[in-house]
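Q: These came from TrEMBL, pasted as-is:
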- GLU92, ASP114, LEU116: Mg(2+) 1 binding site (BINDING)
- ASP114, ASP117, GLU281: Mg(2+) 2 binding site (BINDING)
- ASP117, GLY118, SER119, SER120, ASN209, LYS275: substrate binding site (BINDING)
Amino acid sequence: MTKRISLTQYLIEQQRLHGHIPSQLRLLIEVVARACKRISISVNKGALGDVLGTAGSENVQGEVQKKLDIIANEVLIEANEWGGALAAMASEEMEGIYVVPNRYPQGEYLLLFDPLDGSSNIDVNVSIGTIFSVLKKPDGSAGVSEDDFLQPGSQQAAAGYCVYGPQTTLVLTVGDGVAMFTLDREQGSWVLTADDVQIPADTKEFAINMSNMRHWAPPVKHYIDECLAGKTGPRGKDFNMRWIASMVADVHRILTRGGVFMYPWDQREPEKAGKLRLMYEANPMSFLVEQAGGASTNGRQRILDLQPTKLHERVSVVLGSKNEVDRITQYHLDAKT
Ligand SMILES: O=P(O)(O)OC[C@H]1O[C@](O)(COP(=O)(O)O)[C@@H](O)[C@@H]1O
Ligand SMILES: [Mg+2]
Ligand SMILES: [Mg+2]
(Lines of atoms letter the chains of each structure in order from A; the text may use other names.)
(Lines give C-alpha, C1' and ligand atoms only; values in the text may rest on other atoms or scores of the structure.)
(Ligands and ions follow the chains in the order given, each with its own letter.)
Protein backbone atom coordinates (compact mmCIF):
# COMPACT_ATOMS: atom_id res chain seq x y z
CA MET A 1 0.00 0.00 0.00
CA THR A 2 1.31 3.48 -0.85
CA LYS A 3 2.07 5.67 2.16
CA ARG A 4 -0.53 8.36 2.87
CA ILE A 5 1.01 11.78 3.42
CA SER A 6 -1.10 14.28 5.31
CA LEU A 7 -1.03 18.07 4.87
CA THR A 8 0.72 18.36 8.25
CA GLN A 9 3.42 15.86 7.24
CA TYR A 10 3.89 17.63 3.91
CA LEU A 11 4.27 21.00 5.60
CA ILE A 12 6.68 19.68 8.23
CA GLU A 13 8.76 18.19 5.42
CA GLN A 14 8.74 21.54 3.59
CA GLN A 15 9.82 23.22 6.81
CA ARG A 16 12.45 20.76 7.99
CA LEU A 17 13.97 19.18 4.90
CA HIS A 18 13.64 21.96 2.37
CA GLY A 19 13.68 25.01 4.67
CA HIS A 20 10.91 26.63 2.68
CA ILE A 21 8.54 27.65 5.40
CA PRO A 22 8.93 29.06 8.88
CA SER A 23 6.79 27.46 11.58
CA GLN A 24 4.44 30.48 11.77
CA LEU A 25 3.59 30.08 8.08
CA ARG A 26 3.05 26.34 8.53
CA LEU A 27 0.58 26.98 11.35
CA LEU A 28 -1.20 29.65 9.29
CA ILE A 29 -1.70 27.24 6.37
CA GLU A 30 -3.00 24.55 8.71
CA VAL A 31 -5.53 26.98 10.17
CA VAL A 32 -6.70 28.05 6.69
CA ALA A 33 -7.05 24.37 5.75
CA ARG A 34 -9.11 23.73 8.88
CA ALA A 35 -11.36 26.67 8.04
CA CYS A 36 -11.84 25.29 4.51
CA LYS A 37 -12.90 21.98 6.05
CA ARG A 38 -15.59 23.82 8.02
CA ILE A 39 -16.73 25.75 4.93
CA SER A 40 -16.88 22.47 3.02
CA ILE A 41 -19.24 21.05 5.68
CA SER A 42 -21.58 24.07 5.29
CA VAL A 43 -21.45 23.84 1.48
CA ASN A 44 -22.33 20.15 1.67
CA LYS A 45 -25.35 20.77 3.87
CA GLY A 46 -26.91 23.04 1.26
CA ALA A 47 -30.65 23.46 1.76
CA LEU A 48 -30.50 21.24 4.87
CA GLY A 49 -28.26 23.78 6.60
CA ASP A 50 -30.17 26.87 5.45
CA VAL A 51 -27.03 28.15 3.73
CA LEU A 52 -28.45 28.79 0.25
CA GLY A 53 -29.86 32.03 -1.12
CA THR A 54 -29.03 35.68 -0.68
CA ALA A 55 -28.22 37.40 2.60
CA GLY A 56 -30.01 40.62 1.66
CA SER A 57 -26.83 42.73 1.78
CA GLU A 58 -24.19 44.04 -0.65
CA ASN A 59 -20.39 43.92 -0.41
CA VAL A 60 -17.99 46.79 -1.12
CA GLN A 61 -18.06 45.96 -4.85
CA GLY A 62 -21.84 46.42 -4.96
CA GLU A 63 -22.44 42.67 -5.42
CA VAL A 64 -25.36 40.98 -3.67
CA GLN A 65 -23.95 38.78 -0.91
CA LYS A 66 -25.03 35.17 -0.66
CA LYS A 67 -25.45 33.58 2.78
CA LEU A 68 -22.43 31.39 2.10
CA ASP A 69 -20.27 34.40 1.17
CA ILE A 70 -20.84 35.71 4.69
CA ILE A 71 -20.58 32.34 6.45
CA ALA A 72 -17.27 31.54 4.71
CA ASN A 73 -15.90 34.98 5.53
CA GLU A 74 -16.77 34.58 9.21
CA VAL A 75 -15.31 31.09 9.41
CA LEU A 76 -11.99 32.30 7.97
CA ILE A 77 -11.80 35.32 10.28
CA GLU A 78 -12.73 33.36 13.41
CA ALA A 79 -10.32 30.52 12.67
CA ASN A 80 -7.38 32.79 11.90
CA GLU A 81 -7.64 35.69 14.32
CA TRP A 82 -6.30 33.83 17.35
CA GLY A 83 -3.81 31.61 15.51
CA GLY A 84 -0.81 33.83 16.33
CA ALA A 85 0.58 33.97 12.78
CA LEU A 86 -1.30 37.02 11.49
CA ALA A 87 -1.20 40.77 11.86
CA ALA A 88 -4.27 41.42 9.67
CA MET A 89 -6.62 40.00 7.05
CA ALA A 90 -8.43 41.34 3.98
CA SER A 91 -11.34 39.84 2.11
CA GLU A 92 -13.59 40.37 -0.91
CA GLU A 93 -16.47 40.70 1.56
CA MET A 94 -14.97 43.45 3.75
CA GLU A 95 -14.28 47.03 2.70
CA GLY A 96 -11.22 47.63 4.87
CA ILE A 97 -8.60 45.39 6.46
CA TYR A 98 -9.34 43.36 9.60
CA VAL A 99 -6.59 43.94 12.15
CA VAL A 100 -6.10 41.05 14.57
CA PRO A 101 -7.43 42.34 17.93
CA ASN A 102 -4.66 42.93 20.47
CA ARG A 103 -6.18 40.43 22.91
CA TYR A 104 -4.74 37.78 20.55
CA PRO A 105 -1.05 37.11 19.82
CA GLN A 106 0.22 39.12 16.84
CA GLY A 107 2.04 37.46 13.95
CA GLU A 108 4.06 38.69 11.00
CA TYR A 109 1.84 37.59 8.12
CA LEU A 110 -1.05 39.13 6.18
CA LEU A 111 -3.82 36.94 4.78
CA LEU A 112 -6.10 37.87 1.87
CA PHE A 113 -9.02 35.77 0.70
CA ASP A 114 -11.99 35.38 -1.57
CA PRO A 115 -13.99 33.37 0.98
CA LEU A 116 -16.46 32.00 -1.55
CA ASP A 117 -15.54 32.10 -5.22
CA GLY A 118 -18.19 31.36 -7.84
CA SER A 119 -21.11 32.70 -5.80
CA SER A 120 -23.52 32.42 -8.75
CA ASN A 121 -23.00 28.64 -8.63
CA ILE A 122 -23.87 28.09 -4.94
CA ASP A 123 -27.61 27.63 -5.34
CA VAL A 124 -27.32 25.45 -8.44
CA ASN A 125 -24.95 22.94 -6.81
CA VAL A 126 -21.97 23.55 -9.09
CA SER A 127 -18.35 23.61 -7.85
CA ILE A 128 -17.32 26.69 -5.85
CA GLY A 129 -14.23 27.48 -3.79
CA THR A 130 -12.10 29.58 -1.44
CA ILE A 131 -8.97 31.40 -2.68
CA PHE A 132 -6.20 32.70 -0.38
CA SER A 133 -2.93 34.60 -0.57
CA VAL A 134 -0.30 35.07 2.15
CA LEU A 135 2.05 38.05 2.33
CA LYS A 136 4.62 39.03 4.92
CA LYS A 137 4.09 42.30 6.75
CA PRO A 138 6.85 44.67 5.55
CA ASP A 139 9.82 44.77 7.92
CA GLY A 140 9.89 47.60 10.39
CA SER A 141 6.35 48.89 9.83
CA ALA A 142 4.78 49.75 13.16
CA GLY A 143 1.18 48.58 13.49
CA VAL A 144 -0.52 47.47 10.30
CA SER A 145 -2.27 49.42 7.55
CA GLU A 146 -3.86 48.82 4.17
CA ASP A 147 -0.62 50.01 2.52
CA ASP A 148 1.19 47.00 3.99
CA PHE A 149 -1.01 44.77 1.82
CA LEU A 150 -0.19 46.58 -1.43
CA GLN A 151 2.67 44.32 -2.48
CA PRO A 152 3.13 42.73 -5.91
CA GLY A 153 2.05 39.09 -6.17
CA SER A 154 5.69 38.05 -6.62
CA GLN A 155 6.06 38.72 -2.86
CA GLN A 156 3.52 36.06 -1.84
CA ALA A 157 4.83 33.61 0.75
CA ALA A 158 2.10 31.09 -0.04
CA ALA A 159 -1.13 30.85 -2.01
CA GLY A 160 -3.83 28.33 -2.63
CA TYR A 161 -7.44 27.50 -3.06
CA CYS A 162 -9.93 24.91 -1.94
CA VAL A 163 -12.47 23.63 -4.45
CA TYR A 164 -15.78 22.31 -3.09
CA GLY A 165 -16.75 19.97 -5.91
CA PRO A 166 -17.41 16.24 -6.30
CA GLN A 167 -14.30 16.05 -4.09
CA THR A 168 -13.02 18.75 -1.75
CA THR A 169 -9.46 19.52 -2.81
CA LEU A 170 -6.93 21.92 -1.34
CA VAL A 171 -4.27 23.17 -3.76
CA LEU A 172 -1.21 24.85 -2.33
CA THR A 173 2.09 26.48 -3.19
CA VAL A 174 4.75 27.75 -0.81
CA GLY A 175 6.97 28.64 -3.77
CA ASP A 176 8.27 25.12 -4.35
CA GLY A 177 5.83 23.69 -6.89
CA VAL A 178 2.16 22.88 -6.46
CA ALA A 179 0.64 20.12 -4.33
CA MET A 180 -2.96 18.92 -4.12
CA PHE A 181 -4.65 17.42 -1.03
CA THR A 182 -8.00 15.65 -1.07
CA LEU A 183 -10.22 15.79 2.00
CA ASP A 184 -10.80 12.33 3.46
CA ARG A 185 -14.15 12.97 5.15
CA GLU A 186 -14.08 9.76 7.19
CA GLN A 187 -10.68 10.56 8.71
CA GLY A 188 -11.22 14.32 8.66
CA SER A 189 -7.76 14.80 7.15
CA TRP A 190 -6.16 16.26 4.02
CA VAL A 191 -4.27 13.62 2.06
CA LEU A 192 -1.60 14.45 -0.52
CA THR A 193 -2.99 13.23 -3.87
CA ALA A 194 -0.83 15.09 -6.41
CA ASP A 195 2.63 16.60 -6.08
CA ASP A 196 4.76 18.63 -8.49
CA VAL A 197 1.68 19.49 -10.60
CA GLN A 198 2.61 20.58 -14.15
CA ILE A 199 0.45 22.40 -16.71
CA PRO A 200 1.19 21.24 -20.27
CA ALA A 201 2.60 24.12 -22.37
CA ASP A 202 0.15 23.49 -25.23
CA THR A 203 -3.60 23.00 -25.14
CA LYS A 204 -6.74 22.65 -27.24
CA GLU A 205 -9.11 23.99 -24.58
CA PHE A 206 -10.07 27.56 -23.71
CA ALA A 207 -12.31 29.08 -21.01
CA ILE A 208 -13.97 32.44 -21.51
CA ASN A 209 -17.50 33.80 -21.09
CA MET A 210 -18.45 33.82 -24.77
CA SER A 211 -21.60 35.87 -24.15
CA ASN A 212 -19.32 38.92 -23.81
CA MET A 213 -17.76 38.45 -27.25
CA ARG A 214 -19.25 41.63 -28.73
CA HIS A 215 -17.60 43.68 -25.96
CA TRP A 216 -14.06 42.25 -26.23
CA ALA A 217 -10.96 44.11 -27.39
CA PRO A 218 -9.69 43.07 -30.88
CA PRO A 219 -6.74 40.89 -29.66
CA VAL A 220 -9.11 38.71 -27.60
CA LYS A 221 -11.58 38.41 -30.50
CA HIS A 222 -8.67 37.57 -32.84
CA TYR A 223 -7.46 34.76 -30.58
CA ILE A 224 -10.90 33.20 -30.03
CA ASP A 225 -11.81 33.49 -33.74
CA GLU A 226 -8.69 31.50 -34.57
CA CYS A 227 -9.61 28.82 -32.01
CA LEU A 228 -13.16 28.59 -33.37
CA ALA A 229 -11.87 28.19 -36.94
CA GLY A 230 -10.58 24.75 -35.85
CA LYS A 231 -8.61 22.31 -37.98
CA THR A 232 -8.96 24.20 -41.23
CA GLY A 233 -8.11 27.59 -39.62
CA PRO A 234 -4.70 29.14 -38.84
CA ARG A 235 -4.21 27.02 -35.70
CA GLY A 236 -4.72 23.76 -37.59
CA LYS A 237 -6.51 22.06 -34.69
CA ASP A 238 -10.00 21.89 -33.17
CA PHE A 239 -10.49 23.57 -29.79
CA ASN A 240 -12.89 22.66 -27.01
CA MET A 241 -14.51 25.24 -24.71
CA ARG A 242 -15.37 25.06 -20.98
CA TRP A 243 -16.75 27.81 -18.72
CA ILE A 244 -17.80 26.87 -15.19
CA ALA A 245 -18.11 30.49 -13.97
CA SER A 246 -16.20 29.64 -10.78
CA MET A 247 -12.60 30.73 -11.29
CA VAL A 248 -11.50 28.12 -8.77
CA ALA A 249 -13.07 25.28 -10.76
CA ASP A 250 -11.83 26.58 -14.12
CA VAL A 251 -8.27 26.99 -12.77
CA HIS A 252 -8.45 23.56 -11.14
CA ARG A 253 -9.24 22.00 -14.52
CA ILE A 254 -6.29 23.86 -16.05
CA LEU A 255 -3.92 22.67 -13.31
CA THR A 256 -5.20 19.15 -13.88
CA ARG A 257 -5.19 18.88 -17.68
CA GLY A 258 -4.06 22.22 -19.16
CA GLY A 259 -5.99 24.93 -20.96
CA VAL A 260 -6.24 28.69 -21.01
CA PHE A 261 -8.54 30.87 -18.88
CA MET A 262 -9.43 34.47 -19.77
CA TYR A 263 -11.48 37.12 -18.07
CA PRO A 264 -10.36 40.10 -20.14
CA TRP A 265 -11.15 43.80 -20.02
CA ASP A 266 -14.26 44.57 -22.06
CA GLN A 267 -16.26 47.58 -23.21
CA ARG A 268 -19.20 47.12 -20.84
CA GLU A 269 -17.41 49.01 -18.08
CA PRO A 270 -14.35 50.46 -19.84
CA GLU A 271 -13.04 52.21 -16.72
CA LYS A 272 -12.61 48.83 -14.97
CA ALA A 273 -9.45 46.88 -15.79
CA GLY A 274 -11.43 43.64 -15.60
CA LYS A 275 -13.92 41.76 -13.44
CA LEU A 276 -11.59 39.72 -11.26
CA ARG A 277 -9.78 41.07 -8.25
CA LEU A 278 -5.98 41.32 -8.31
CA MET A 279 -5.08 40.67 -4.71
CA TYR A 280 -7.25 37.71 -3.72
CA GLU A 281 -8.16 36.12 -7.06
CA ALA A 282 -5.57 36.86 -9.77
CA ASN A 283 -2.40 36.96 -7.63
CA PRO A 284 -2.84 33.66 -5.79
CA MET A 285 -3.99 31.88 -8.97
CA SER A 286 -1.06 33.35 -10.94
CA PHE A 287 1.41 32.15 -8.28
CA LEU A 288 -0.03 28.62 -8.48
CA VAL A 289 -0.10 28.60 -12.28
CA GLU A 290 3.51 29.81 -12.59
CA GLN A 291 4.64 27.30 -9.98
CA ALA A 292 3.06 24.60 -12.18
CA GLY A 293 4.99 25.79 -15.26
CA GLY A 294 2.17 27.89 -16.75
CA ALA A 295 1.98 31.64 -17.34
CA SER A 296 -0.31 34.47 -16.28
CA THR A 297 -0.61 38.02 -17.65
CA ASN A 298 -3.09 40.85 -17.85
CA GLY A 299 -2.67 40.71 -21.63
CA ARG A 300 0.50 42.78 -21.54
CA GLN A 301 2.37 42.28 -18.27
CA ARG A 302 3.02 39.43 -15.88
CA ILE A 303 0.32 39.66 -13.22
CA LEU A 304 2.77 38.88 -10.39
CA ASP A 305 4.77 42.01 -11.33
CA LEU A 306 1.83 44.42 -11.02
CA GLN A 307 2.07 46.95 -8.19
CA PRO A 308 -1.38 47.10 -6.54
CA THR A 309 -2.74 50.55 -5.75
CA LYS A 310 -5.79 49.48 -3.75
CA LEU A 311 -7.10 46.45 -1.91
CA HIS A 312 -10.03 45.68 -4.19
CA GLU A 313 -8.25 46.50 -7.46
CA ARG A 314 -9.53 44.69 -10.55
CA VAL A 315 -7.43 43.20 -13.32
CA SER A 316 -7.73 41.56 -16.71
CA VAL A 317 -6.63 37.89 -16.54
CA VAL A 318 -5.10 35.49 -19.08
CA LEU A 319 -3.62 32.36 -17.48
CA GLY A 320 -2.80 28.72 -18.08
CA SER A 321 -0.80 26.77 -20.68
CA LYS A 322 2.34 28.80 -21.35
CA ASN A 323 2.46 28.81 -25.15
CA GLU A 324 -1.17 29.88 -25.38
CA VAL A 325 -0.78 32.68 -22.81
CA ASP A 326 2.35 33.89 -24.63
CA ARG A 327 0.40 33.96 -27.92
CA ILE A 328 -2.51 35.96 -26.47
CA THR A 329 -0.11 38.38 -24.77
CA GLN A 330 1.73 38.88 -28.06
CA TYR A 331 -1.57 39.66 -29.84
CA HIS A 332 -2.18 42.42 -27.25
CA LEU A 333 1.35 43.80 -27.53
CA ASP A 334 1.11 43.82 -31.36
CA ALA A 335 -2.24 45.66 -31.22
CA LYS A 336 -0.84 48.38 -28.89
CA THR A 337 -4.41 49.33 -27.88
O1 LIG B 1 -20.63 35.31 -14.39
P2 LIG B 1 -19.42 35.62 -15.19
O3 LIG B 1 -19.38 37.02 -15.71
O4 LIG B 1 -19.13 34.59 -16.24
O5 LIG B 1 -18.18 35.61 -14.15
C6 LIG B 1 -17.65 34.46 -13.63
C7 LIG B 1 -16.48 34.81 -12.78
O8 LIG B 1 -16.92 35.56 -11.65
C9 LIG B 1 -16.49 34.96 -10.45
O10 LIG B 1 -17.52 34.15 -9.98
C11 LIG B 1 -16.17 36.04 -9.44
O12 LIG B 1 -15.96 35.55 -8.15
P13 LIG B 1 -16.97 35.79 -6.89
O14 LIG B 1 -18.07 34.79 -6.96
O15 LIG B 1 -16.03 35.58 -5.77
O16 LIG B 1 -17.44 37.23 -6.99
C17 LIG B 1 -15.31 34.07 -10.87
O18 LIG B 1 -15.15 33.00 -10.03
C19 LIG B 1 -15.73 33.61 -12.26
O20 LIG B 1 -14.65 33.29 -13.08
MG1 LIG C 1 -14.20 35.19 -6.76
MG1 LIG D 1 -16.27 35.60 -3.71
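For all residues, glycine too, the Cβ spot is worked out from N, Cα and C.
What you see is a predicted model, and the numbers here were worked out from it, not measured in a lab.
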Q: Counting Cβ neighbours within 10 Å across all chains shown, tell me which of the binding-site residues GLU92, LEU116, SER119, ASN209, LYS275 comes out on top.
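A: Of the binding-site residues GLU92, LEU116, SER119, ASN209, LYS275, the highest Cβ count within 10 Å belongs to LEU116.
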Q: For ligand 2, pick out the binding-site residues LEU116, SER119, ASN209, LYS275, GLU281 that have a CB under 6 angstroms away from one of its atoms.
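A: Only GLU281 meet the Cβ criterion.
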Q: For the binding-site residues GLU92, ASP114, LEU116, ASP117, SER120, LYS275, which residues place their CB under 6 A from an atom of ligand 3?
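A: Listed by sequence, the hits are GLU92, ASP114, LEU116, ASP117.
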Q: Roughly how many angstrom lie between the C-alpha atoms of ASP114 (Mg(2+) 1 binding site) and ASN209 (substrate binding site)?
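A: Here the two Cα atoms are 20 Å apart.
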Q: Please tell me which one of the binding-site residues listed here (GLU92, ASN209, LYS275) sits closest to ASP117 (Mg(2+) 2 binding site), measuring Cα to Cα?
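A: Out of the listed candidates, the nearest Cα belongs to GLU92.
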Q: Per 10 Å Cβ neighbour count, which of the binding-site residues ASP114, GLY118, SER120 ranks highest?
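A: Of ASP114, GLY118, SER120, the one with the most crowded Cβ is ASP114.
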Q: Reduce the DSSP letter at GLU281 (Mg(2+) 2 binding site) to three states and note it down.
A: helix
Q: Reported as an integer number of Å, what is the Cα distance between GLY118 (substrate binding site) and GLU92 (Mg(2+) 1 binding site)?
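A: Here the two Cα atoms lie 12 Å apart.
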Q: Cβ within 8 Å of the substrate site's Cβ centroid: which residues qualify beyond ASP117, GLY118, SER119, SER120, ASN209, LYS275?
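A: Other same-chain residues near the substrate site: ASN121, ALA245, SER246, MET247.
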Q: Under DSSP, is ASP117 (Mg(2+) 2 binding site) part of a helix or a strand, or is it coil?
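A: ASP117 (Mg(2+) 2 binding site) sits in a strand per DSSP.
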Q: Within 10 Å of the Cβ of GLU281 (Mg(2+) 2 binding site), how many other Cβ atoms are there?
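A: Around GLU281 (Mg(2+) 2 binding site), other Cβ atoms within 10 Å: 27.
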Q: Using Cα-Cα distances with a 10 Å cut-off, which of the binding-site residues SER119, SER120, ASN209, LYS275, GLU281 are near GLU92 (Mg(2+) 1 binding site)?
A: GLU281
Q: Roughly how many Å separate the Cα of SER119 (substrate binding site) from that of GLU281 (Mg(2+) 2 binding site), to the nearest whole number?
A: 13
Q: Starting from the Cα of LEU116 (Mg(2+) 1 binding site), work out which of the binding-site residues (ASN209, LYS275, GLU281) are within 10 Å.
A: none
